[in-house]
Structures are given as structure tokens and as C-alpha cells.
There are 2 protein chains.
Amino acid sequence: MGVFDTDGSEATGHEQVVFCQDRTSGLKAIIGIYSTALGPALGGTRFYPYESEEAALADVLKLSRGMAYKNSLAGLDLGGGKAVIWGDPVRDKSEALLRAYGRFVESLRGRYYTACDVGTYVPDMDVVSRETRYVTGRSVQNGGAGDSSVLTAWGVFQGMRAAAEHTWGSPSLSGRTVGIAGLGKVGKYLAGHLIGDGATVVATDVNPLALEWARTTHPEIQIVADTQTLIASDIDVYAPCALGGALNDDTVPVLRAKVVAGGANNQLAHPGIGKMLEDEGILYIPDYLLNAGGVIQVADEIQGFDFERAKLRATGIFDTTRRILQLAGDEGVPPAVAADRLAERRMAEVGRLRSIYLG
Amino acid sequence: MGVFDTDGSEATGHEQVVFCQDRTSGLKAIIGIYSTALGPALGGTRFYPYESEEAALADVLKLSRGMAYKNSLAGLDLGGGKAVIWGDPVRDKSEALLRAYGRFVESLRGRYYTACDVGTYVPDMDVVSRETRYVTGRSVQNGGAGDSSVLTAWGVFQGMRAAAEHTWGSPSLSGRTVGIAGLGKVGKYLAGHLIGDGATVVATDVNPLALEWARTTHPEIQIVADTQTLIASDIDVYAPCALGGALNDDTVPVLRAKVVAGGANNQLAHPGIGKMLEDEGILYIPDYLLNAGGVIQVADEIQGFDFERAKLRATGIFDTTRRILQLAGDEGVPPAVAADRLAERRMAEVGRLRSIYLG
């Protein structure tokens, strides 16, 4: 797979792809910038032991494109980017490697802002920030915004409210039963919002500590044995909040919920699942729309983090979900397609405004 | 072929490789930065209809590495870089494409300076310069240094003098016979210097205008029918000044010169030719050492072109050639290997000086 578009496919429509190497520290990184139409590209750095350079490239091309759509839909003045560091984070991560990476991020002079992703953590971003200004996801002590799962959960809750309004006429989840797969950080906060709104929460998690948290903090949460049991339960809304691929050929046929709205990434195991959900009459709210609270938070960090301002923007996921459901109805397409269209339109319509000269 | 070094090979030791795409104008460019140990990477932009993205990548990796060695040996405070634009220069070149390219050069904020190469010309660099400061090879009217063949020829002459000193004890070419293959811009100026020094010049060219120039300007130049005749002539020095690959399996066995010193790029058709020349007792002065006058000129343009300053530096090719011949003798290696070592040492020794903090 190459970098350049040779067949008109949006999948290789990337503006810039930057290979960065520092042989002494062992750094091998690829920064993908899909689009800067809306502003500097923002997206995290994945540190992963890919099988090959080709696999690393394919991942950064896919992820950076996804960020362009996510940031556009989130209403941010940010383009889409992502970076991968090819290596084993446990074995290969070092101060020198992270700082070499930081120098390459700096070399792009703000066309790309980085953040945490799989294999990179807040302390890593603190190290990266010693070489570049263009980094978010730092520790609170170093100007960072802290745990982004608070706003991620808030955004998921807002999108779920819009889905409820669309499905049952009222945005309230009161009286509805919501099944949460995964009581990690996002799932926990989401459960709290739902219980506060009067919903019944059914949940599952493989981690005993998460179950212990539920028993002590929210004894009203009904715990079930596993995800299979959860999706076959009599739930109105299914909220995948754990690993990707929650919606697949096995789970969709047994799913009893009318709405799927969760915080997990890449919920659809393959593109055909979208159609399957539609055929089953299940309303699927695109994951990258719902879980944008995290990127909204790190984006706010660029301006100097203000929780209330970021929360206001994450609350906007309610309105965006409404607009997408409206557009989906108007254009006769699934919400996922409507979301892509809205993201693309914003990139085109707002991006072209720079042609109005301001000096 | 990938970008990253996976086997310890210097051939993939590149610091940064930047793919740049602008789908509207059709721009597909790759900027290769081999090293910035000595300063910003400098090298031209080749506009060429490569068969594939892989072929374009392979070319930019090879060329940018070559520039690192050339710029190091030339004593410049510049690293090595090169760019390729994948396309047909006749069909695809446009103001928008060149300016899109200029914006990507600008995005690197001076880590890479571009210039002309195959398929790009002075008027193109003028267009590129409307989007970026980091461009040389512009027209004189736009701050450029003009025709670089003057200093290229001067540098070749200086290197040839050092080779003569090494071979015959005196740097003068007086009384020697020099065969010049190609009376293009560099070959013409070189012929002038040699005649001025008292040498006999034998030359060949396929272009009738070049032969007409010789007849009218320097009737003392002996014109022969073709390169085959030239290399079989009784010449002391052979100066390839036309296309690459002048030294190959066919030409070396019949070559009668004791010294090869010319301005053409990539004179060795394949790496084995270096050994063949050595076995024949022919002293080959590396092309990238001799023809550095061109890059010395465009480098000087960065500071605001001063011909005398640039000429002084190109005169230094005499001393550098001397050092390389000395090193080759000391270490028992061909001059080409000695040149590579000298270039690498300078990158390592001078590059590390930045570790002395200056604020």
C-alpha cells in the first residue's frame, strides 16, 4: 500500500505523511496528516510493535483520516492527524526516543499536535513536551487537562439523549434500560449520568475491581456475567464501552436494544455491520461522534484548559447527533453515512474560507 | 522498499521522509532529508514520471543521501536532502502544483532548502519562492545566483589540478592532454580553464551548436567524432561532462587516460567500476566531490549570493581533493571510499558540536 492517491480513493487523500527516524535512540515514527483544512491536525501517538513498516503505515493512514472526521464533527478548528511509533512500548520506550519524537513533532511547527493513544501515557507526553509545544494530554502539573474520560462519558451521554429523543420522543433516559459493556473509566462515569437521569443500568466487566466499584458506589446497577448475556437482556440501549468490534456477525442478531450508543472505538467489526444494524431496525450512533469528548478535552488544552468551556463543547454532541439523525432521515442514509457527509461538508465549507484574505 | 532502517544499512538511515499531496493540483511529492547534522538539508527537486510510488521513493532516498555526502565534502553548513515530484513535468507542471509544493517546503520551516534538478528550472523556482523562503536556484532578478555551471566547471578544474599534482607532481595541466566528453555549459567553461592553463583539449559532443562554439571560440580544441574515439585517444585526463554512466564495462578497458576527473553526475555505471578503474591503475576522482561547485553556488544564494565568496569556496575543491588522495593513500582505499569516509567524519564530528549548549 502506498501513500499517494492513485485511484481517487479518499482513503489515500492524505495531505502529508512524515517518516521520522533517529537511529541512535531507535525511533521510527510516522506522522500522518490527513487534512489541515480546519486547522492544525490533532491526534494521538500510538506506540505499537507492528509486524512491518507497511502495517504501521496502513494504521497511521487509517487513524489520521478517522481523526479528520472526528475533529470536524466535533466542531473543532482542528484538522485530522495521528502518529505511530513502530516499536515495543515496554522494551523500546526511552527518554531519548520520546524526545527525538518530540523534535520531529516540533519540526512540523504546529501543523500537527500530538496526544496519548494506545501505548503512550500522560508521563510520556510530559517528556515529549520538553522538545515541542505541540503536545496535549500532559499531566495537570505540566499544563495538561487530566483524565479525559470525564468528558468522553459526558459526550456519550449527550449523544445517547439525542438518540432517545429520536427513538422515543424524549431525550430523557428515565425508565429506559441501558446495557453498558465495560465499566472502565468511561463506562463508570456514563453509568453515573444514566442513573442520575433515572435509567436502569445493566452492566458487565471482566475486571473484579470494576464490579467491586459498582457494588459499593452504585448497588442499583444490575451486573450480568458477560457481554453475551448483556446483549441478550431486555435492554433499550446498548452502550459498548470496552474493546473495539463489539458489533459483529455474532452479536447483532441477538441484540435486543433499539439503540446502540457507546464510547468504545471502532465498534463495527466490519463495514457490513452498519447495514445489518439498519436491517434489524437498530439505531446505531457512530462511535467517533459519541466519544469525541476526549479529543474536545485535549483540544481545549491547547488554549489552556478550561473544564467548563470544554464541557459546553462536549454537550454540543447532543445537537450534532440531532443534526445527523435529521440529515440521515432527509437523505435516506444511515447515521454513519450522514455523519461522514457532515464531517466532509464542514471540512470543505469552512476550509475554503481561508481563501478570503486577511493578511 | 521501506523508508526505515531495518538492517543497519546506511542506505535507509534517513532522518525524515515527507510525502506531500495536494489532490486538486495533482501534486505528489516526496521530500527526503538524509541528515541535518551539519545544517538544513539542501538539494534539488526532480520532476519525473516515475513508474510507481516505490520508484519515486527509491530515487529520493538515494539522491538525498548523495546530497548529504556532497554537501559535507564541500564543507558546507548544510545537510543532505532532495525532493521528487511524481509526474510528467511537461503535462503536469502548473502554477498551482508548484506553489502547493512550495507550501510543503515552507511547512518544514527551513529544515529543507530546495533548488533545480532534472525537470525543474529557474522559472519554476521563482514560482516555488512565492510560497516559501527556503528555495534557491531562482532567477537573478528574484535574488538568485544565476547559472551555476560557471562554478561547477571551476570546481572540476580545481579537483583536476589536485589529481594532476598527485599523479605527475605538479598541479599544472600544462602540456597534458585532456579529453572532455560533452561541451555543454560545464564542459565549455572547463575547456576554457584548461586552455588557459596550457593544456591540450580534445572533445566531443553530439550537439552541432556546441561544436560550432568550439570552432569559433577555441579553434585549438581538437574535435573527435564520438566518445568511443575520445576515450581511445592518447589523453592524460578524461573528463566526463555529459550524461551519467560514462565509466562502464565497455569504456574502462579501452580508456587510455591516467586520471578521470569530470563534472558529470553518477559517472560509475555500477559500484564494481571503481574497483575496475583501480585495477587498471586509473585515478578516479569522485564526481560528487568535483561537481560540488553547483551546490556551493546555490548554498551561497541562501546568504545572498556573492560570486567571489562562492568562487573561493569552490576553489577549496583543490584542497579537499588533496586531502582525499592523502587519506586514500594512508588508509589503502580508493579515493571514492576515502571521500565517503571524510564526508561521514565531518557529519559526525561537526554535527556533534551542537551538544555544546549556546542557548
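Quick reminder: no glycine exception, Cβ is built from N, Cα and C everywhere.
Feature annotation from TrEMBL assigns active site, proton donor/acceptor to A:K82. Taken from TrEMBL, the feature NAD(+) binding site covers A:G182, A:L183, A:G184, A:K185, A:V186, A:G187.
Residues within less than 8 Å, Cβ to Cβ, of A:G184 (NAD(+) binding site) and separated from it by at least 6 positions along the same chain comprise A:S149, A:D205, A:N207, A:A210, A:C241, A:A242. Sequence-ordered, the extra residues of this chain that approach the NAD(+) site, with Cβ no more than 8 Å from the Cβ center of A:G182, A:L183, A:G184, A:K185, A:V186, A:G187, are A:S149, A:I180, A:K188, A:Y189, A:L190, A:D205, A:A210, A:C241, A:A242, A:G263. When secondary structure is read from DSSP and collapsed to three states, the residue listed as 'active site, proton donor/acceptor' falls in the strand class.
A:G184 (NAD(+) binding site) falls outside any helix or strand according to DSSP and counts as coil. On a Cα basis, A:K82 (active site, proton donor/acceptor) lies 26 Å away from A:G182 (NAD(+) binding site). Least packed by the Cβ count within 10 Å, out of the recorded positions A:K82, A:K185, is A:K185. Rounded to the nearest whole angstrom, the C-alpha distance between A:K82 (active site, proton donor/acceptor) and A:V186 (NAD(+) binding site) is 22.
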